[in-house]
Amino acid sequence: MFDKIELSVSPYDTAWVAMIPSLNSVQAPFFPECTKWIVDNQLSDGSWGLPHHHPLLIKDTLSSTLACVLALKKWGVGETLVNKGLQFIELNSTSLNDEKQHTPIGFDIIFPAMLEHAKELALNLPLKSDVIDAMLHRRDVDLKSGSGGSNTEGRKAYLAYIAEGIGKFQDWEMVMKYQRKNGSLFNSPSTTAAAFSHLRNADCLQYLQSVLQKYGNAVPTIYPLDVYSRLLMVDILERLGIDRHFRKEIKLVLEETYRYWLQGNEEIFLDCITCAMAFRILRVNGYDVSSDVFTQFTEDHFFDSLGGYLKDTRTVLELYRASQILYPDEPLLEKQNSWTNHFLEKCLSSGSSYADGPRECITEVVHNALNCPYYADLERLTNRRSIENYNVDETRILKASYRCLNTGNQHFLKLAVEDFNLCQLIHQEELQQLGRWVVEKRLNKLKFARQKLGYCYFSAAATLFAPELSDARLSWAKNGVLTTVVDDFFDVGGSVEELINLIQLIEKWDVDESTHFCSEQVEIIFSALRSTISEIGDKAFTWQGRKVTSHVIKIWLDLLKSMLTETLWTKSKSIPTLDEYMINGYVSFALGPIVLPALFLVGPKLTEEDVRDPELHDLFKAMGTCGRLLNDWRGFQRESKEGKLNAVSLHMIQGNGGVNEEEAIRKIKGLINSQRSELLRLVLREKNSNIPRACKDLFWKMIKVLHLFYLKDDGFTSNEMISTANAVITEPVAFHGP
């Protein structure tokens with residue numbers, strides 16, 4: 001599956017290779033096998049191109065068909081095929097100037113050049129004069145001016161890339177500056193064929209021969225594409241949610257890619273989109289890769305390159321995705337995130353950029369990327385979107401269209417649908433089980449408490465979705481429900497006496513329940529806490545092979561004591577410093593009982609040294625701080641009315657009147673960004689890290705949940721979350737296969 005990358009062959013590029021004359025005679029082809037392939041591969045409608053092509057890719061088919069017709073005419077073979085090809089061109093000639101049609105790169109220059117070549121071959125083309133005149137006019141405008149100016153490096157690269165359309169007027173010395181170590185120009189057989197025809201460069205020939213050796217008697221429109229295609233397969237498997245079924249294969253791809261990265265391989269570093277994808281996937285998987293590589297792809301440099309000149313949407317999209325894998329003190333990625341975000345937003349609004357496929361498909365991908373940033377995109381939501389938008393027959397287009405059979409894989413889609421729906425059935429059973437648990441623990445009798453079981457379970461199912469993680473999901477969801485209950489109890493439901501009573505009961509743990517409760521509320525909450533903590537401890541023993549219940553108790557005690565501190569501040573109208581508030585606040589935000597016990601339930605064994613490792617504390621603190629600040633930013637107005645302490649209001653108070661609300665919020669948002677990037681660094685780093693990656697991932701998963709909940713407002717009150725949760729838990733995804 002990963003070993004052999006299968007690209008569709010390109011009639012267009014094959015035709016240009018076929019038109020190379022022999023070294024011995026200009027009357028004979030250098031590669032007669034390519035001419036034979038053209039003879040053998042005309043489609044039933046008289047065209048050459050990909051079968052079942054998209055209705056908006058007629059220009060591409062016309063370009064390929066004319067190139068093949070020229071090759072046959074040049075060598076005086078296939079007269080019947082030539083006539084059928086000309087008939088196809090005549091019947092579809094209105095598409096040549098149709099602006100709704102997708103235009104291949106360089107089409108407005110290359111196609112008119114082929115028309116002139118047809119005249120030289122005394123080939124009578126059945127095109128109306130107004131069609132030809134319109135094309136020649138566009139060609140002349142493009143050649144004389146160019147949208148980016150005639151002297152930019154991007155413009156030069158563009159003219160070099162479409163060298164076959166410039167012909168004898170080309171500056172071939174300039175073109176050869178783009179020759180790669182493999183002998184090609186831009187990894188393009190058609191460009192390389194044109195260069196070899198004019199210059200007889202030995203390295204160009206060696207490249208063409210190597211491609212034909214691999215593909216037989218035809219060539220693809222781009223070669224090699226192995227590194228990019230394998231990375232794209234990894235990306236697709238992750239987005240479909242089935243990467244866990246291919247861990248060995250993915251590991252081999254990552255190791256090979258990292259080796260190429262360290263070697264400075266051209267296939268990565270001369271191709272912006274491959275470089276960006278390699279950086280993102282390697283960094284996310286724990287490999288040590290520096291963002292310094294993007295120095296060559298800064299905004300100015302990018303727009304002075306071929307991709308920038310073309311305003312290539314997919315490449316900018318990949319740069320944008322890479323920029324989100326951001327560590328602290330990486331200004332290069334911060335700037336990259338800013339300009340790529342701006343470019344993509346403009347792309348959506350104007351549609352003026354280049355897309356290497358039907359625009360509606362690219363638009364959907366860009367829209368999702370902008371609305372679902374990496375730090376707010378829950379895995380199961382990504383999986384569902386990717387399944388629903390997966391195109392088995394995805395066609396991309398450069399100078400000619402192509403497909404990669406490895407990435408357009410029907411089996412991937414079928415497995416993803418089955419996996420999603422199987423997991424969903426398990427999730428539905430667990431949610432019903434949790435509903436019974438709420439009733440059994442009498443939590444529904446606590447009138448002051450918000451009932452948020454659906455949200456709590458959704459956050460677990462959307463991130464810890466694999467069947468084998470059931471214990472972790474249930475722990476996550478139950479503790480989510482209990483932290484909500486306790487939060488409401490400390491906020492509005494309980495007196496100070498009750499709060500202290502609850503804490504004392506947890507501290508004593510083994511108590512005579514009939515004599516130590518000062519209210520029924522305390523009895524219900526304590527009983528639910530004790531039974532749930534004990535249950536989690538028992539399950540953790542199965543995973544860990546040792547007792548960890550005492551750790552779970554301490555996690556809860558830390559939370560309860562921090563909540564009591566906030567309650568006492570409020571009741572005494574004390575105003576802590578911002579530092580005092582945050583030191584207490586990252587604990588009182590109540591993520592500890594949700595995330596920390598789950599660490600014992602996801603697979604890796606954690607030693608006592610691991611549990612006490614400062615790294616674990618740093619992960620928790622960064623997550624809790626980020627969450628607290630998100631809550632305080634989004635909940636500022638509501639909490640101010642309720643008289644609650646808040647990081648925004650404390651920042652304004654400490655400013656002694658010199659800091660207004662807008663400035664305070666800007667400061668808080670900056671702190672959120674820095675804490676989030678620090679957490680990501682801690683999660684992804686492999687060096688000097690003792691905590692297993694599967695455990696560290698839980699902290700990042702929670703950050704994603706929080707950012708999704710707080711993307712617009714206080715997420716617990718957002719009606720949109722209901723449909724989002726249903727998409728993960730209740731609505732199966734459909735398979736649209738053959």
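A Cβ is built for glycine as well, from the same backbone N, Cα and C atoms used for every other residue.
Note that the structure is predicted; figures quoted are calculated from it, not measured.
Annotated features in Swiss-Prot:
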type	residues	note
MOTIF	487-491	motif 'DDXXD motif'
BINDING	Asp487, Asp491	Mg(2+) 2 binding site
BINDING	Asp487, Asp491	Mg(2+) 1 binding site
BINDING	Asn631, Asp632, Glu639	Mg(2+) 3 binding site
Task: Alpha-carbon distance [Asn631 (Mg(2+) 3 binding site); Asp491 (Mg(2+) 2 binding site)] in Å - done: 15
Open item on the list: Between Asn631 (Mg(2+) 3 binding site) and Asp487 (Mg(2+) 2 binding site), how many Å separate their Cα atoms?
Closed with: 14
Task: DSSP three-state assignment for Glu639 (Mg(2+) 3 binding site) - done: helix
- [ ] Using the structure shown, find which entry in Asp632, Glu639 (the binding-site residues) has the sparsest Cβ neighbourhood within 10 Å.
- [x] Glu639
Task: Cα separation, Asp487 (Mg(2+) 2 binding site) to Glu639 (Mg(2+) 3 binding site) (Å, whole number) - done: 14
TODO: Determine which residues of this chain, when Asn631, Asp632, Glu639 are set aside, have a Cβ within 8 Å of the centroid of the Mg(2+) 3 site's Cβ atoms, and list them as they appear in the sequence.
DONE: Arg628, Trp633, Arg634, Gly635, Phe636, Lys644, Asn646, Ala647, Val648
Task: Listed in sequence order, residues with CB under 8 A of Asp487 (Mg(2+) 2 binding site) and six or more positions away - done: Met563, Ala590
Open item on the list: If you count other C-beta atoms within 10 angstroms, which of the binding-site residues Asp491, Asn631 is the most crowded?
Closed with: Asn631
Task: Secondary structure content, the motif 'DDXXD motif' (487-491) (per DSSP, counts of residues) - done: 5 helix, 0 strand, 0 coil
TODO: Quick one: average pLDDT across the motif 'DDXXD motif' (487-491), no decimals.
DONE: 95
